[in-house]
Amino acid sequence: MASVEDNFPRGGVQKKPTEKTGEKAKAKFEQDNLFDVHREEQSQKRKRSEGDHRKQKKFKADHRAIVKDKAISVEPLAIKDFCEGMLLLGCIKEVTDFELVISLPNGFTGFVPVTQISDAYSELLSKQVAEGELLEDLNSLSDLYSPGMLVRCIVTSVERSANGRRSIKLSINPKNVNKGLNASALTSGMLLSGFVSSAEDHGYLLDIGVSGTYAFLPYEKAQNYIKAVNRGSGLKIGQSLNCVIEEVKNEGRVVRLSADRSKVAASIATEQQNWTLSNLLPGLLVKAQVQEVSPLGISLTFLSYFTGIVDFMHVDPAKSTNYSPNQVVKACILSTHPTSKVVRLTLRQAFLHPGGSPNQLSDDRIGAVVEESTVKAFYKQFGAVFELDDGTLAFARLKHLSKNRKSFKPAVFKTGCKHKSRIIDYSLMDEMCIVSLKYQIIEARFLLYRDIHTGDVMQGRVLALKPIGMQVKVTDGIKGLVPSMHLSDVILKQPEKKYNIGDEVRCRVLECNPAEKKLFLTLKKTLVQSKLPILSSYEDAEPGLITHGFVVCAREFGCIVKFYNDVKGLVPKNELSSEPISCPDKVFHEGQVVKVMVLKCEPQQERLLLSFRLSSRPVPEGRSECTAMKKQQVKYQIGEMVDVKILTKNENGLEVSILEDRGNVIASLPTVYLSDFVANSKLLWHCLQEGDVLPRVMCLSNKGDHIILCRKSAVISAVQEEQVVRSFSEIQPEVLLVGYVRKVMPFGVFVEFPFGVTGLAPKVSMSDKFVTDTKDHFVVGQTVIAKVMSTDEEKQRVLLDLKVSECSSGDSAAESFSLLSQYFTEMVEIRNLLRRREESGLARLLCELVPGKELQLVVQDVKEDGSALFSGSCVRGLTVTASHYHLGGKKIVPGEKTKGLVLHVDVITSTVYVSLREDLLKKGGKRRLTENSQHPAIVQHIAEEIAIVSLLGSGRLAAIPIASHFNDTFRFDSEKLKEGQRIYATLKTVKANDLGVLLAVQDPKKKNVFVRNRKESEMALEETLAAAAVKHSLCLGDIVTGTVKSVKPTHVTVIIDDKFMGSIHASRILDEVPIQSFPTYTLKAGQKVTARVIGGRDVNTHRYLPITHPHFTRSIPELSIRPSEIEGKVETMTDDTRKKLGPYSIGQTVTCFVRKYNILKNWLEVEVAPDIRGRVPRLLLSLNTKVLKHPEKNFKNGQALSATVTGTDATETNLFLSLTGIHSLETGTITVGMVAKIIPHVGLSITLPGGKTGKVSVFHLSDKYTESPLSDFKIGKVVRCYILSNENGKIQLSLRQSRLNPRNSSKVEDVEITCIKDVKKGQLVRGYVKSVTPSGVFFSLSASLLGRILFQNVSPYFVQKHSLYEKYLPEGKLLTAKVLDVNKKENHIELSLLPEDTEMPSVLPESLGLPRYGTEEEKREEDNKKKKEELKMKRKQRRVNSESEQETKPKKRKVTPADESDSGIEVYYREEEDGDQEEEAAEKKSKIRKHGEVLRLQVSTGFTWDEDVNVVEMPVPSQKEDSSESEEEENPQPKKKQTKKEKELEKQKKEKELCKLEAALMDPSRQPQSADDFDRLVLSSPNSSILWLQYMAFHLQATEIEKARAVAERALKTICFREEQEKLNVWVALLNLENMYGTEETLMKVFERAVQYNEPLKVFQHLCDIYANSEKYKQAEELYHTMLRRFRQEKSVWLKYASFLLKQGQTEATHRLLERALKALPTKEHVDVISRFAQLEFRFGDPEHAKALFESTLNSYPKRTDIWSIYMDIMIKQGSQKEIRDIFERVIHLNLAPKKMKFFFKRYLDYEKKYGTAETVMAVKTAALEYVEAKSSLADT
């Protein structure tokens, strides 16, 4: 054996003597003789037998690296020894909700997170988090683990905290702990730790962390453990067990375990179990042999081949000096090191019995001071071991032996010396107390949380400042929290200015919870220094006691004051002061310290009544400025607009002074209230400076000395337009309110409205999308529009809905544009603010940079992600960047010069985003853009609130809003816009704004909108809310007496019999309602009324329910106090809208009552009757434009109006009404209209009553023409109109005062010109320039009449370049002209602008220096006399010929070079014209095309340019849609042969039309319009049944039945055979088709085929549904009988037939069917079938029979908890309280498992809390307590 030891030395810590570390260790050992325990190395070999040789070979792989060292270190563990992968045995010290605190050897502590228990437990955790509901199988850590349990763990990390301390993170997951084991290494007898992963039929599956191995623990092998440890309850998932392997099968793939406590206790590791250093586990018991004994411990050998060490803390105290070499001992492995392979063991008795646990110390002992602790041993480098006064051992680390290293004296720690010490902790793994000899610890007042008492004053040090408050360090182990409210006597907005980390603070304990280690402190000086008694429990609150507290809530009912230990009391309104206080919330603020006196206390109910009236002083202590406050409170009301000056800026916002009060009143303007947009709020805060003045800021709240202001446009508009609620009583369901987010919680969002009303939007009502984290959707301060879902008057709670689908107007484009316009309005304000910054050149530079501006840049750097940085003289001091996408594929290098286009400017970060893409830099064609036109666009940049896009084709930049609504805040990643993405945008403006961009919105039809389906849980929530309505037994026609509770504009709320609510509509108060009166205000609150029931309203939907409706007894009764209805017959109210609106015919006059004016929809909402509503469009409200300008101010809510019915809306749910009668738009009538569109230089498009549109020419805007006739009009302006004509649906209007007020004698400066007859030669006329062409200037005299001005009549100057005319005669310029000639036959008018004709200045100024006509011609003749003599002769000859031809035939056109490329204009030239002008005309041909208004202009034949010939006006084709078409018909032009150019143009036109058609066909959003369209679609998606069904429906709409059948047959052949559901859809559609349009024979043929190709049961069920829906009940019943024969074993068939019979009212037949079902179906299905039948009976049949079914089932199967639950649910909805309580009482007396009993007790308690009284709640609690006590006593026995 000796030779084996020589050649195969033990242990894993030894290193080769050649290593440097070995040399260092050796030197260390030489210095300290305590460690001098090395041996001489032996080198001789021994002979081995054949068997020894085989044995060595077997273990060669595991022990190749093990060599003998010269010394064995027996030091205890130090923190540096811990590393990842180290295996340890630990003992659970503490169990919290999310981690286990583990005691480790040598006094260390580790932490196991809840995610490191086991894989099965982690899966359950993940499932619970995903589902959001508690899982029955998931037990808390405290249920699975208890202090004192031993566990095997592995170090996962050693983390260093900020203060330098290290934290050891552990895992007990067997996958990590047992990772050294594999299936082949498992042998019987091994002791392993496993975790229950699931419970099976015959036992449990355990996770032992060995991959590929299934570990099974049979029930019989676990019974012993279950009885002893689990007290009879089964094992739980995640529970840890020590198990012994009993059997290994299939090479370790299957292992059978035993948890028998006797087997586990007797297990011991042996050599036969093949343990190796790589898989050796802590907790194993081994037999070991003492190798050496040293002062620090013992070295051992075990399992023949391993060496381990036992430090001095783990030697058995009873035998500490009795160990000798070669002694055999029993030891337990404590730890193994993964790299050094050091194995540590313990010889303490508590660990030598597997399944045992170490001794624990009583909690009272920790913290105790021991006067005499005797030194047992002193270890120079580690510490000392003491014996305490009770004989137990304790250890003190070196740092705890003295105050510091300098004062440490080793001599005083000799054995036997006595010292005073204090127990600070207990190490379970060492079974030793941890003590300290430090004076400051021994004398410390607070060592543990339990030492702290409420009201104690203590010193602390500031650790951290957080949003929730300040963290304070009291001692090393005690930390406390000072809530932000308690940082000072007043609320601190910037606590960091007062407190710094490390400051000493004096605080007082508000509350201390030692069990949860929670400590709450206060720094309020008044509380800390208070000498008054501490009120820490309700028992201490004796009447007359005076003490200090702090206000936590101030409302209209009074103040709630809080004291220590969460004791709260109420100060009623009458006890607030000796003087009356109307608004306590404006006098007292949250956190205010007050002195109060106890009036009354009920400790059991925890009710405390207090008073502030201690003496004659009416206000709380420290509030001497009450009078000033009240004056201030009166001065500034909520909603008042003020101007403010900024005093200071802080993190939360601005501190401002109100200018109206000369700056004496200070207010705060939070950052989040600066704008409706989160991004603009931050930007405004960034840009504003001290001293800036902000105009028109609204007072949002005024709490005495604390005024809060708001600048949110939406909130200000809501307050000014009275779209707000001032108190809880004003809130009405279904109302939309503008508010702002007050608080974001995990369960929902709290929204506050102006005037302080707050509501909750639950998680399910926050968004149309699934809400995972509420913080992803909304932020505090954000503006939202909320819809009121329901109110709870008793609890003063409001439930809100923030879904965009519920809160939007439905017009997403209009809302998006409204948001975008508001955003840019604010951005312009911000830019103007920056421009005024004289001292900041950077700010001005930022203002100059707008999207679309080109910059000259120099490349500065190219980043790894492909983006680039630029610099340049024009952007000095700014960060200029372009993303990889915006480099456009260019390869650029630093230093290179380039051009960049500005996309966006971020003012906060001074960043300019640019693009180098060529498609943006090159200017697109000047394509004319029109409003509301749709364009494909490319997303170029995405900012926080907007995205910048470029329009394809034109390249213009436009801005689109990212959100379409205030509440539209969240997008999935797939919905977010990305750079380069193609979208469709609808233009809203055609001119760029001040920021360089057009405004557009994303086309709602072409973007994906994700809408979530409502969950069953949401439906259940609504049903629960509905169930909250008090049940009544009223019927139609009942006479009731009630008391008026509240009076609203359109209805009065009445309390009937002091039990339930009723409602009286405004139309049901008086028989004869005076117009303009307010009927509801004839009643007063508290007045007694006698009324008659005329209907009922659903609590949630507010729909009117018929008397037969099952929910009628839970509805809100609708009442009438009209004398005629109380005495006469009552009309039955119905929910069928068509029946409701039936009695109303067009033209009928009705009395209606104003509900509200809808600003978004521009109509007045009225109520005609309780169940009938109407709408009056804005234009039908009045003929007075002043009324229409502000309709919301002229119509008051509840006002009675007389209206005329004009029709119903598209959904036939509302009446369309008119207050001005029915308008007939006949010629000559006067009406009102609203400007819908402004067409430059043409006129207006006016929306008329009834939805029709009319046109107003610029000539009919006024009796006097102006330079800018359209400038006085804007979209939305209301005007009075005169109808000039109404033909073929085209309406021409006039706004001239001479038409609207013919009696007015005011002079008409510009008379109307309707036709050429109104124009006379020599007359002076005014008009507008239409266009400039080579043949002259065309001049508009009216909408349908044009005149021509020859260039020689435009100006006396000779103009060579016609561009001058275009410059000085722009389109739309107002001029005065003289009529030179009128040709009525040809419809031609010649005009002149010459000064001698008009007596007006020349249109071309003299300053241009142009030559006059006469001098120019003479000069030209002299210069060119010789050169052009021959040309003149030819011209004369040509003139002679043309004159002779003129007498006989029309003059032929002169052929010019321009003919070759015809410009579309045919012109005759005057003979005297020079050749230069011919060339000029040819040059001008390209410019003519640019004038879109003038198309092909033709000059009639026979026209001559001679001045002495009468000038004939040229006919001009239609310029706009307003031009007269009749003139062309009256003067038809002879059709001429097309030129080559015209043919080419016509060909191009056809090609363009073809391209447009092809593009339309390729549009993915285009709806199919023809069979060809459908054919294309089904070719692209042949397996989509939806497309095939739409194709069928298309043919059916045209009654083409055969074609629809053919499509269905094609679909069945085309759809892939694997797509079973898609094929089934088509079969069902075909069955429907045959049922509706075919015969019974064709239907049966299709049905038989469908059964062959699909699952027969599904086809049968669908046909049954088809029969039932088409009311073919006989055929359905026959088919059900067939199904019952064919599918007897299918439960669903029986249930479906039962549902069918009950809906037909055949209750008895259903009872017989149940008997048949029970005979046909297997026994195991019976209970479920009976339960389902009973549920159907409850819904459609006899509830009493359903109860009987449930009762009989539960009598037979009393332990079927699922049936009990169903029965309870149904009875809670439909049963009486007595019946429900009887069921609960029966259940809680059943003998069920504790877990199930807990579930039923909880349900009973919840029910009583909701519907019961305090006594019934207490009774349930008592019953639960009795049950627990009975179970506990049973377990003890």
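Glycine too: its Cβ is placed from the backbone N, Cα and C atoms.
Per TrEMBL, the feature compositional bias 'Basic and acidic residues' maps to 16-53 (among others).
Summarising the annotation, TrEMBL assigns compositional bias 'Basic and acidic residues' to 1414-1432 (among others).
Sequence annotations record features per position, and here TrEMBL assigns compositional bias 'Basic and acidic residues' to 1440-1449 (among others).
The compositional bias 'Acidic residues' annotation in TrEMBL covers 1471-1481.
Helix, strand and coil counts from DSSP across the domain 'S1 motif' (85-173) read 23 helix, 36 strand, 30 coil. What TrEMBL lists as domain 'S1 motif' is 85-173 (among others).
Annotated domain 'S1 motif' per TrEMBL: 189-260 (among others), in sequence order.
The feature domain 'S1 motif' is assigned by TrEMBL to 283-348 (among others).
Positions annotated as domain 'S1 motif' by TrEMBL: 367-438 (among others).
With DSSP classes pooled into helix, strand and coil, the tally for the domain 'S1 motif' (455-524) is 6 helix, 38 strand, 26 coil. The feature domain 'S1 motif' is assigned by TrEMBL to 455-524 (among others).
As annotated by TrEMBL, domain 'S1 motif' applies to 544-613 (among others).
Secondary structure counts, DSSP: the domain 'S1 motif' (734-803) has 9 helix, 35 strand, 26 coil. Among the features that TrEMBL reports, domain 'S1 motif' is placed at 734-803 (among others).
According to TrEMBL, the feature domain 'S1 motif' maps to 1037-1110 (among others).
Positions annotated as domain 'S1 motif' by TrEMBL: 1147-1220 (among others).
Look at TrEMBL and you will find 1228-1296 (among others) tagged as domain 'S1 motif'. When DSSP labels each residue, the domain 'S1 motif' (1228-1296) comes out as 3 helix, 35 strand, 31 coil, counted as helix, strand and coil in that order.
Residues or ranges marked as domain 'S1 motif' by TrEMBL: 1322-1394 (among others). Counting residues of the domain 'S1 motif' (1322-1394) by DSSP class, helix then strand then coil, yields 10 helix, 35 strand, 28 coil.
Per TrEMBL, region 'Disordered' is recorded for 1-60 (among others).
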Applying the under-8 angstroms CB criterion, which one of 85-173, 283-348, 367-438, 1037-1110, 1228-1296 scores highest with the domain 'S1 motif' (1147-1220)? 1037-1110
Local confidence of the prediction over the domain 'S1 motif' (455-524), expressed as mean pLDDT: 89
